[in-house]
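Engineer: Residues annotated as transmembrane segment in TrEMBL: 17-37, 57-79, 100-123, 129-150, 254-273, 285-304, 355-384.
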Amino acid sequence: MASLQGPRAPLEFGGPLGAAALLLLLPATMFHLLLVARSGPARLLGPPPYLPGLEVLWSPRALLLLLTWLGLQAAFYLLPARKVAEGQELKDKSRLCYPINGFQALVLTALLVGLGVSVGLPLGALPEMLLPLAFAATITTFIFSFLLYMKAQVAPASALAPGGNSGNLIYDFFLGRELNPRICSFDFKYFCELRPGLIGWVFINLALLVQEAEQRGSPSLAMWLVNAFQLLYVGDALWHEEAILTTMDITHDGFGFMLAFGDLAWVPFTYSLQAQFLLYHPQPLGLPMAAVICLINAIGYYIFRGANSQKNTFRKNPSDPSVSGLETIPTATGRQLLVSGWWGVVRHPNYLGDLIMALAWSLPCGVSHLLPYFYVLYFTALLVHREARDERQCLQKYGRAWHEYCRRVPYRILPYIY
């Protein structure tokens, strides 16, 4: 079997011990953030105010709500799409097809939630259910990841991911064995990547805004900004959904606990941290400072969207007038590496835009607490790690051409610094 799969990829995340630690650390961190966000001191590095018992965490109602949410998003996934796109070529030379209807799912969800609120759906009660919902998502993710691991046992060698087949059960369970686990045309990894978690994130934010309005008469300016910035980000991701088909998550990583937990639990319950913080710790924000924060977010979004659009346009059609004049480096694979435009400034300009936006999302929370800046710290570590993985794969794929690109573009994310 190993000979059919080819050489195994080097172990990442500290190997089996690191994977085992992350299986515990990721859920523990998520629950820590949920608990301290609603506590008085709101200390990121301090202990949580209490350790909830099972009677607080377990709720059949929360589990039912979670499963209903997943079922709803799955139903939207199966609706006719405005476009069906082909993915990257696989080991067996085939290409999978993916429905491009994520933005459609966001709009339909908004219409359905709006209809529910109009007939009395208590959206403002959702923040009180975040702990049991997070617990239900965690349990569901462990079970789901186990089923994915078992499914991979009968998958052909050509369907396995490069990295999740070490032979160690814990490591492979964490990283994921199968690259594109599917039942018929339903692709589990692609579905989870942007749908339930990202859309859930913005509606958790909205519920927090509604509860703040119920408690204080109207939402604060800071809460409006956080909701608006993050809705823009999610809407952008879903509108440009096709672009994820060339990302590392889709083309390289198996679908195991790492991505499943990240998509279904970590994203909705930790990325909404700023809005959670503002509900329990309201912050004054004047119009001049709000304008500055809006400008920072706009700059970040401009870099992020400009870099991604330039890359995606070049991949689809190098003769497009918007990219045809850009300088490139030829590679042995036949592809070209952009060495001008956004990709001539730093090697990962989209990450730079991401980090600037992350800062803008936290600034409405003031500077009296470190907790709302957890996302900036975490996302910096995540992107630096991801950038290192990108570099290793590009070096392996492009060889001397990548060395030349790195010589021409020496900075990775931040010009003149890193």
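For all residues, glycine too, the Cβ spot is worked out from N, Cα and C.
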Engineer: I'd like to know if the transmembrane segment (100-123) touches the transmembrane segment (254-273) in this structure, counting it as a touch only when three or more C-beta pairs sit under 8 Å and are separated by 6 or more positions.
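Structural biologist: The answer is no, given that the two segments have fewer than 3 Cβ pairs within the 8 Å cut-off.
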Engineer: Any chance the transmembrane segment (57-79) and the transmembrane segment (17-37) have 3 or more Cβ pairs under 8 A, given the pairs are 6 or more apart in sequence?
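Structural biologist: When sequence-distant Cβ pairs are counted, the transmembrane segment (17-37) does not touch the transmembrane segment (57-79), since fewer than 3 lie under 8 Å.
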Engineer: Out of 17-37, 100-123, 285-304, 355-384, which stretch has the largest tally of CB pairs under 8 angstroms to the transmembrane segment (129-150)?
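Structural biologist: Maximum Cβ contact count belongs to 17-37.
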Engineer: Please give the sequence-distant neighbours of the transmembrane segment (17-37): residues at least 6 beyond its ends with Cβ less than 8 Å from one of its Cβ atoms.
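Structural biologist: That would be 43-44, 46, 48-50, 52, 130-131, 134-135, 138, 170-171, 173-175, 257-258, 261-262, 265-266, 269-270, 273, 276-277, 280, 371, 374.
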